[in-house]
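J.: Quick paste from TrEMBL:
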- D45, G46, N122, E123, R148, D150, A185: NAD(+) binding site (BINDING)
- D45: active site, proton acceptor (ACT_SITE)
Amino acid sequence: MKFSITSKGDSQSNALMHKMRTYLLDFDLVYDESQPDIVISVGGDGTLLYAFHRYSSRLDKTAFVGVHTGHLGFYADWVPSEIEKLVIAIAKTPYQVIEYPLLEVIVRYQHGGKESRYLALNECTVKSVEGTLVMDVEIRGEHFERFRGDGLCISTPSGSTAYNKALGGAIIHPSLQSIQLAEMASINNKVFRTIGSPLILPGHHTCMLKPVNRPDFMVTIDHLTLLHRDLKSIQFRVAKEKVRFARFRPFPFWKRVHDSFISDAD
Ligand code: NAP
C-alpha cells in the first residue's frame, strides 16, 4: 500500500510525520506523494483541508485519516499518543472507508469565459469586493430571493460544524446528501427581505447565485480565497465525487460534535 503524510508544518507535527513515516516504511509500506492510497494528515482540520485539495483530482483512489496535534478535530480525530496503534492499524488491518458528501461550485463568467469548477470539503463563501453583496438567489431554476448583506455561505454536512456553525447554521449529519445555505448579516427591513433562516437543500436541488449590480466577488473554497471578476453566476449542488475517510475504529459524528463543542469528559 502507498501512503503519504501531510504536516501542518510546526515542530510537533513534523516530528510526528517523520516518526509515522519511519514506522510505516518498517512495515514495508511505500511512501508515494503523487499517488497515495492513504493520506495521513498531521495537524488539525485545516491541515486535512489542505491535504484534500492537494489530492482532489484522485479522490476515488485516496482515503484520508487525520491526527491532531492541537484540539480534537472533525477530520483529525487521532491523538499523537495513539500513532503506534494507528500505524499498526494502517499496516495490518483492512480499513473501512466512509464517504462524506462534497460541494460542487461552478463559476460562470460574463462574455463567455471558460467556467471554473471547484470541490469544497467544508464550504464556499461569497462576499462582495466592495460594499454590500447583492445577489439573486435561485433554487431549482426558480427565483427565491434577492439577498443583500455581508455574504452567503454554502456548506457541506461535514463543513456544517465550521464557518456555517458560526453563522447560526444547523449541524448536519454527513450521511445526508445535502448542502446548506446560510446568510451573513442580511439586510432586512420594510424594503429588503430575505428568508433569514439557513436552508438545507437535498442532493437533487441546485442553488444559483446571480449578481445584481457589481460583477466582482471574493469567493472562498475552504481555506482558499479567490477574486472572481465579470461573474455571471455561481452554481452549487452536492458533487458526484465524495471524500473518503479511512476508519479504524468507530467515532460517531454526534460524539465528535459533543466532544468538540460541549465537553470531552465522558
Ligand atoms: P483558520 O481560520 O486558521 O481556522 C479555522 C478553524 O476552523 C480552525 O480551528 C479549524 O480547526 C476549524 N475547522 C476547519 N474545518 C472544520 C470543521 N469541518 N469543523 C469544525 N471546525 C473546523 O482557517 P483554516 O485552518 O485554513 O480553515 C479554513 C476554514 O476555516 C474554512 O473552511 C472555514 O470553515 C473556517 N472559517 C471559520 C470562520 C468562523 O468560524 N467564523 C471564519 C472563517 C473561516 P483546526 O484548528 O483543527 O485546523
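Glycine is no exception: its Cβ is also placed from the backbone N, Cα and C atoms.
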J.: What three-state class does DSSP give A185 (NAD(+) binding site)?
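T.: The residue in question, A185 (NAD(+) binding site), is strand (DSSP, three-state).
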J.: Which binding-site residues out of G46, R148, D150, A185 lie by ligand 1, going by a Cβ under 6 Å?
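T.: Correct list: G46.
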J.: Would you work out the biggest C-alpha to C-alpha distance among D45, G46, N122, E123, R148, D150, A185, the residues that bind NAD(+) according to the record, and give it in angstrom as a whole number?
T.: 31
J.: Tell me, how many other CB atoms lie within 10 A of the CB of D45 (NAD(+) binding site), whichever protein chain they belong to?
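T.: There are 27 of them.
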J.: Across all chains shown, how many C-beta atoms besides its own are within 10 angstroms of the C-beta of G46 (NAD(+) binding site)?
T.: 18
J.: Between the binding-site residues E123, D150, where is the Cβ count within 10 Å the lowest?
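T.: Each of the binding-site residues E123, D150 was scored by Cβ atoms within 10 Å; lowest is D150.
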J.: Would you count the other C-beta atoms found within 10 angstroms of the C-beta of N122 (NAD(+) binding site) for me?
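T.: A count of 28.
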J.: Cβ distance under 8 Å to R148 (NAD(+) binding site), same chain, sequence separation 6 or more: which residues?
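T.: When sequence neighbours closer than 6 are ignored, R148 (NAD(+) binding site) has T132, L133, V134, S186, I187, F192, T194 within Cβ distance under 8 Å.
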J.: Once the DSSP letters are reduced so that anything not helix or strand counts as coil, what is N122 (NAD(+) binding site)?
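T.: DSSP call for N122 (NAD(+) binding site): coil, neither helix nor strand.
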J.: List the same-chain residues at least 6 positions away in sequence whose Cβ sits under 8 Å from the Cβ of A185 (NAD(+) binding site), in sequence order, or say none.
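T.: Non-local contacts for A185 (NAD(+) binding site): G149, D150, G151.
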